[in-house]
Amino acid sequence: MKVGIDLIHFATSDYALGLDTFAEEKGTDVNKYHIGIGQEQMSIAPPDEDIVTLSAKAAAPIINQIDRNDITAVLFATESGVDQSKSAGAFLHGLLKLSNRCRVVEFKHACYAGTAALQMATTMVKANPKETILVIAADIAKYDVDSSGEATQGCGAVAMLVKAEPRILAIEPGSGYYTDDVMDFWRPNKRTTALVDGKYSTKVYLNSLKQAWEHFVEETGRHFEDFDAFCYHIPFSRMTEKAHKTLVKKVGAKLSSDTFREQTAPGQVYNRVVGNSYSASLFIGFCSFLDNAIQDLTGKRFGFFSYGSGCVAEFFSGIIQPGYQQHLMTESHRQQIESRQPLDYQQYLAFYHQTDSDVENITFPHNNKGPFRLAGIENHIRRYESGIQPA
Ligand code: CAA
């Protein structure tokens with residue numbers, strides 16, 4: 001039995017800050033961003049957008065294609081949780097009007113947790129083929145103003161329907177993984193922004209890739225030549241180039257620059273303009289590859305490298321299924337990106353500061369243009385609004 005991703009759709013916010021605007025404000029050469037880190041824009045969430053509203057926007061087009069009562073579990077991965085106790089997935093479950101016969105849980109490890117949720121879902125379906133699982137990876141990447149990470153913010157959510165006989169990607173058994181207790185990026189309780197040792201974090205990322213790859217080869221017996229394409233966790237898109245160069249060097253492959261580009265470039269198109277979305281970023285990269293590859297991907301083997309600072313990493317693989325093209329939601333992805341409203345630096349700062357909502361009572365101005373929004377907080381209870389009616 002094949003198990004994997006049956007449908008996949010991502011959502012991002014309605015606003016973006018151009019790194020040209022950012023560079024002008026900071027007095028920096030814009031090529032540091034456009035070329036040096038490979039980023040052009042970052043999606044910015046207004047105060048009435050959070051991981052719950054983003055994930056509802058990501059999941060709604062999937063739910064609309066199935067019977068929502070078929071969902072047996074929601075596995076919600078995030079670094080930017082909205083409550084220390086209640087899972088963000090429980091809010092999402094309410095907004096999407098899912099069945100009460102459903103389990104919901106939140107997964108956390110920095111940017112890695114989406115892969116943990118996906119692998120858990122795959123295992124659950126293998127154990128019981130009747131399971132139909134909604135896997136969510138959603139994050140708002142936020143660093144201190146004027147810190148090295150500020151240019152690599154962004155936000156996004158990915159929804160993946162995981163089931164038997166999937167229509168898009170069959171996930172293959174076996175993976176390589178690696179954990180090390182390091183401090184390259186972390187966010188103590190009560191902080192809304194991450195702390196990061198930027199240069200060190202890129203070193204740990206690349207070392208984790210080598211370690212996870214070695215384990216993957218030992219576990220599966222597959223080699224670099226068995227792969228057609230690679231999706232990496234993308235904190236900023238130039239990291240993909242650094243990662244793939246590291247892997248190519250490790251395995252001693254001789255690739256032309258055209259092959260190098262074919263194996264990685266389609267996966268970077270969206271992340272260049274969405275920015276980092278932590279746990280969602282690998283899977284937005286996968287959407288980007290599916291939507292932007294020129295050739296037919298049927299039967300192609302993809303390698304996926306997931307990295308979460310702190311650190312946990314995993315390399316796994318999957319095969320693109322026949323007819324996958326009919327199930328992509330390319331138009332929705334492109335339309336969301338293209339219709340974002342550009343912000344100037346002061347507007348970005350206003351959103352940035354208002355979003356710190358560690359308050360008992362607050363009503364948020366209506367900036368979110370999507371069907372789901374965070375209206376406010378009343379007596380510490382988050383109040384969401386939804387345009388979706390019960391089925
Ligand atoms: N034209 C062209 N290139 C330029 C340039 C110019 N005018 N000016 C600088 N550059 C190049 C630099 O040479 C450098 O290239 P290399 O990486 O090849 O050396 C690149 O632009 C970046 O310049 P700096 O190193 O000077 O930039 P920085 O000090 O501002 O830091 C960063 C870059 C460390 C990535 C920083 O953005 C950061 O801290 N980001 C957050 C942490 C992060 O994303 N880490 C990634 C790994 S951890 C992870 O993946 C988990 C996660 O999601 C956070």
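For all residues, glycine too, the Cβ spot is worked out from N, Cα and C.
Because TrEMBL annotations are produced automatically, they should be read as predictions rather than curated entries.
TrEMBL annotations:
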ACT_SITE  Glu79  active site, proton donor/acceptor
ACT_SITE  Cys111  active site, acyl-thioester intermediate
ACT_SITE  His233  active site, proton donor/acceptor
BINDING   Asp29, Tyr143, Lys242, Asn276  (3S)-3-hydroxy-3-methylglutaryl-CoA binding site
DOMAIN    26-163  domain 'Hydroxymethylglutaryl-coenzyme A synthase N-terminal'
DOMAIN    175-247  domain 'Hydroxymethylglutaryl-coenzyme A synthase C-terminal'
DOMAIN    248-331  domain 'Hydroxymethylglutaryl-coenzyme A synthase C-terminal'
Key: Within 10 angstroms of Glu79 (active site, proton donor/acceptor), Cα basis - recorded positions out of Cys111, Tyr143, Lys242   = Cys111
Query = Rounded to a whole number, how many Å is the Cα of His233 (active site, proton donor/acceptor) away from the Cα of the residue listed as 'active site, acyl-thioester intermediate'?
reply = 8
Request  = Indicate the candidate from His233, Lys242 with the smallest number of other Cβ atoms within 10 Å of its Cβ, considering only these recorded positions.
outcome  = Lys242
Task = Report the largest Cα to Cα distance, in Å and rounded to a whole number, among the residues Asp29, Tyr143, Lys242, Asn276 that the record lists as binding (3S)-3-hydroxy-3-methylglutaryl-CoA.
result = 22
Ask   = What are the non-local neighbours of Asp29 ((3S)-3-hydroxy-3-methylglutaryl-CoA binding site), defined as same-chain residues 6+ apart in sequence with CB under 8 A from its CB?
value = Ala23
Ask   = With DSSP helix as H/G/I and strand as E/B, how many residues of the domain 'Hydroxymethylglutaryl-coenzyme A synthase C-terminal' (248-331) fall in helix, strand and coil?
value = 43 helix, 18 strand, 23 coil
Ask   = For the residue listed as 'active site, acyl-thioester intermediate' and Asn276 ((3S)-3-hydroxy-3-methylglutaryl-CoA binding site), what Cα-Cα distance in Å is obtained after rounding to a whole number?
value = 10
Key: Annotated recorded positions Glu79, Lys242, Asn276, filtered by Cβ under 6 Å to ligand 1   = Asn276
Remark   = Excluding its own, the Cβ atoms lying within 10 Å of the Cβ of Glu79 (active site, proton donor/acceptor) add up to 27
Request  = Grab the pLDDT values for the domain 'Hydroxymethylglutaryl-coenzyme A synthase N-terminal' (26-163) and give me their mean, rounded.
outcome  = 98
Query = Which number gives the other C-beta atoms within 10 angstroms of the C-beta of Tyr143 ((3S)-3-hydroxy-3-methylglutaryl-CoA binding site), all protein chains shown included?
reply = 20
Cβ-Cβ neighbours of Asn276 ((3S)-3-hydroxy-3-methylglutaryl-CoA binding site) (radius 10 Å) = 31
Note = According to DSSP, Cys111 (active site, acyl-thioester intermediate) sits in strand
Key: DSSP-assigned states of the domain 'Hydroxymethylglutaryl-coenzyme A synthase C-terminal' (175-247) in counts, ordered helix, strand, coil   = 36 helix, 13 strand, 24 coil
